[in-house]
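Structure first, then comments.
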Amino acid sequence: MVENTNIPLLGPAKNNATHRYISSFFLVGIPGLQDFHCWIGIPVCLLFALALLGNSVIIITIKLEPSLHQPMYFFLCMLAVNDMALASSTAPKMLGIFWMDAHWIDFDTCLTQLYFIHTFCIIESSLLVAMAFDRYVAICIPLRYTTILTTPMVIKMGPASMTRAILMVFPGPLLIKRLPYYTKYVINHAYCEHMAVVKLASANTLINRVYGISVALSVMVWDLGLIAASYTKILQAVFRLSSQNARSKALGTCAAHVCTILVSYTPALFSFLTHRIGKKVPPSIHIIFASLYLLVPPAVNPLVYGVKTKQIRDRVVGLFFPSKKISGN
């Protein structure tokens, strides 16, 4: 238990001399599993290391191999950079909690972590939409692929994804900053998550809750809708092909992207639903899935693209085993 006497406080609150603002929060980690934190830190560390190593290899591979200087691989490179940033915004603090009992986090630092986590998540979703559009153009209108997805156009999509995420997330910390925090300071989470922080406020949080669910729903509905529309068109085009070999080849180019979508959105949807309507779901299960949502995709995406994409697989093996030749599938 955390003693109230250890709560870091600021000066007297405005209009209330009996209260003081809380200047720090206490991150519990995974509620109910505190005795296993030391062991839980091991997979977290492995996922973090795998995310940094795997995505670095993807970026270096794409940079060194001229044949990979294509729109699809440029998007993959952007995704790799974002994945490393996303993992780096959460894993270090988690490991501090699990291995060093570093539970306390400064109020402003908490808001900063919250801001970056949600920003990188929205950028990730935007990049998955861009990659779905890339597959749509490549399969449905291949003759116009090079004229639509030019290098300048692809490069512009990166800053556009960042701008969208920044504008959508920026009001969040500002709306939290206006709230008074007097007595509640324990966050039952392994990192600073928007609703987990909002719930601790000593005031009406309707605006914050409406904002949070509006952003989450708009991103999921809009992005998943665009991805679904792209793949509906792709499937229609593929099944019009007369050759079974051509159909298999066309679908094969989408396999890695579909795997990435499933890995990214499945834990995200579960976390979103359990946080708002899953009252009977144990807090530990929710926290574990919320953490997996931030750590598993960055670690798994390089493996998926490395295994499913022959050009990347061959180049990576060539980097580490120059004398070994890889036969194509």
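The backbone N, Cα and C atoms fix where each Cβ goes, and this holds for glycine too.
Marked as domain 'G-protein coupled receptors family 1 profile' by TrEMBL: 54-305.
The transmembrane segment annotation in TrEMBL covers 39-60 (among others).
Here TrEMBL flags 72-91 (among others) as transmembrane segment.
Residues or ranges marked as transmembrane segment by TrEMBL: 111-133 (among others).
Residues or ranges marked as transmembrane segment by TrEMBL: 154-176 (among others).
Positions annotated as transmembrane segment by TrEMBL: 210-229 (among others).
Among the features that TrEMBL reports, transmembrane segment is placed at 250-273 (among others). Sequence-remote contacts of a segment are chain residues at least 6 beyond its ends whose Cβ falls under 8 Å from one of its Cβ atoms, and for the transmembrane segment (250-273) they are 79, 121, 124-125, 128, 131-132, 135, 138-139, 216, 220, 224, 227, 231, 234, 237-238, 241, 286, 289-290, 292-293, 296-297, 300-301, 304-305, 307-309.
Remote same-chain partners of the transmembrane segment (285-305), defined as residues 6 or more beyond its termini with a Cβ less than 8 Å from a stretch Cβ, comprise 29-31, 44, 47-48, 50-51, 54-55, 57-58, 76, 79-80, 83-84, 86-87, 89-91, 94, 117, 121, 124, 188-191, 193, 256, 259-260, 263-264, 267-268, 270-271, 274-275, 278, 312. As annotated by TrEMBL, transmembrane segment applies to 285-305 (among others).
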Any chance the transmembrane segment (111-133) and the transmembrane segment (39-60) are in contact, meaning at least three CB pairs closer than 8 A with a sequence separation of 6+? no
Could you tell me what the rest of the chain brings near the transmembrane segment (210-229), counting residues at least six beyond its ends with Cβ under 8 Å? 118, 122, 125-126, 128-129, 132-133, 168-169, 171-172, 175, 194-195, 198, 261, 265, 268-269, 272, 276
